Number of protein chains: 2
Amino acid sequence: MLPKGFQYAGVYAGLKDNGKKDMGVIVSERKAVCAGVTTTNLACAACVKRARKILRRGAAKAIIVNTKYANACTGKQGERDDAEYAKIAEKLFGGPVLTASTGVIGQNMPLDNIRRGAELLKKELRDDYDAFAEAILTTDLVVKKISKTVQILGRDVTVAGVAKGSGMIHPDMATMLAFITTDADIDRGLLQRIIREVTAISFNQITVDGDTSTNDMCLCLANGLSGVRIDRQALPIFQAALTEVLIYLAKAIAADGEGATKLMEVNVTGARSLKEARLAAKAVAGSPLVKCAVYGGDDNWGRVIAAVGRSGARFDPEKVRMNWDGLQSKTVTINIDLANGRESAQAWGCDLTEGYIKINTKYN
Amino acid sequence: MLPKGFQYAGVYAGLKDNGKKDMGVIVSERKAVCAGVTTTNLACAACVKRARKILRRGAAKAIIVNTKYANACTGKQGERDDAEYAKIAEKLFGGPVLTASTGVIGQNMPLDNIRRGAELLKKELRDDYDAFAEAILTTDLVVKKISKTVQILGRDVTVAGVAKGSGMIHPDMATMLAFITTDADIDRGLLQRIIREVTAISFNQITVDGDTSTNDMCLCLANGLSGVRIDRQALPIFQAALTEVLIYLAKAIAADGEGATKLMEVNVTGARSLKEARLAAKAVAGSPLVKCAVYGGDDNWGRVIAAVGRSGARFDPEKVRMNWDGLQSKTVTINIDLANGRESAQAWGCDLTEGYIKINTKYN
């Protein structure tokens, strides 16, 4: 089941060279509350700057997405193009429209294709998100989508999510985009707060190669059409559903990292603070040496402890306990007890393989 | 020419499986002033803890080095072993002796071999550092050594340096060790200050894979036997020599990074602050995506600007100027002008290749 009152579409607009779908749209039946987080990269794309403005106002009617052109580091022309992009979409779907781009940095968007693509999208709108999920992929190998319905006071509330991970057609930036829709009726401030909280334990705890993109965004639209108000009593149930959706997508992105053959899950317990737990888990998931060990099926605890040691987390190396699980399977779990407190955190990554090098080296 | 009053040796003590030299020693004719910097990794090795104590007192007679056993994360036994290691060396060479280990984490040292090795070293002491430079290598492909003599008030002062970089026999931690000897007559506090300053622009500006070892150290002995006092007037000349030695070694380590085929030099100018210049240069040199682009001979400026963008340096993406040099040669230079101030910095790295994966994956 998908959230009430949203339509999705995905089409080929002639942006990609391989004829695969390259533009997508999500349209809410009525203007929705919006919230989200955007990249911390200073060299952010035009669409990111625009999204930040709309997020501050807190309402949007649609999200339009294109691949192949990140429209980052494209200067004033890029900002004009993005404004035109939004204008085209707003004419078709109502406004405001959030734009999201991914692809090559520094190249201007072909607005004619974008316009044609947007018109096609309008014709293809439907109640399922399959074509949309396909259209936002770049070199991702698998579609990443999930929907979760929970009951609150006897009524259904649904949260759906679609994401793309690290990968690109023309070797360039790995961009993470996630689009969440829900029919919950929720205040903008509350939605923003929980999106931020849940992002911190999901998308912000995955790492493929440590490179933060110019275009990363997680955007959420909540249109209220379930009729269920997210008050203090409903919040835990709603937040749990949102958490399930975001963690599922985060893990799917990590597992589909460039060249990855295995998902790595790192569980840190016994940390002095939440911050330290997160730092430790992420340092291990991001360590090239640990990633190579996971690839090789080698439970190399020295590399793990060295990664934790440089993470900023405090612990006594002699008290640390760790175990590896699933070394020969598709998901390798590394459990680390820092024995220094009560806080815990998870992080996800993938192994580092020759495939990553191949994908990211131009001539080979 | 090497600094006066130092002897060096390198021998095979049966630690490595391949019969190559695996222990080395540097002995000063008389007790020397010592200074140095040690790893920031919380899970540091026993030898690092010991070195910190000796560095606080500021005098040492010798440095003994072994490969194959890092003696890190070996608990109380490791500390006892390291104390015994030092005791063995102090009996042979006089004390205090700094110990430095590199190799596998979590395995106890075979003290019998260490004892035999130390005795052999005593017999092999001589005025050149070639055998020592060879003995401290692990999977480094080339020896890293340099000597620089300068004239101060008509007299020779020499600074010599030997280093090992990232590489290991049994896949484990990449450790950087550097040993500097000089016959300058210099106060301990001043030596410590300039070692710290020069390390900041040399060893701390190189990156192979972002993993900081449990055993990293740069140690310097100054025995004063040149008879040249490093006063305020002599300082710039001495510091310039030290800088040349450390930067040479740092670049040699980067160029010999695991799997590397090219040295990458990143020059950042026009930064708002020195800190930002260093952060920006290091972010670019350490970016997996930039490293892959260097490997592929692809002057991918989007990846560079994205790396600078997440580095913490402030700049206007539209004003940044950059050029790539030597794309098809052994040294690739990336020059970046942030156009936002007057500070500059350099960093060095290497390309990321299938070779790195091979070396660090156990079974292949």
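Glycine residues also receive a Cβ, built from the backbone N, Cα and C atoms like all the rest.
When TrEMBL records B:Lys164, B:Thr175, B:Glu258, B:Asn360 as binding substrate, the matching candidate from B:Thr138, B:Thr149, B:Thr199, B:Thr243 it lists for that site is B:Thr138.
Comment: substrate site residues B:Thr138, B:Lys164, B:Thr175, B:Glu258, B:Asn360; largest CA to CA distance 17 Å, whole number. According to DSSP, B:Thr175 (substrate binding site) sits in a coil region rather than a helix or strand. Chain A comes close to B:Asn360, taken from the binding-site residues B:Thr138, B:Thr175, B:Glu258, B:Asn360 by a C-beta to C-beta distance under 8 angstroms. The least crowded of the binding-site residues B:Thr138, B:Thr175, B:Asn360, judged by other CB atoms within 10 A of its own CB, is B:Thr138. B:Glu258 (substrate binding site) counts 27 other C-beta atoms within 10 Å of its own C-beta, drawing on all protein chains shown. Neighbour density for B:Lys164 (substrate binding site): within 10 A of its CB lie 29 other CB atoms from the protein chains shown.
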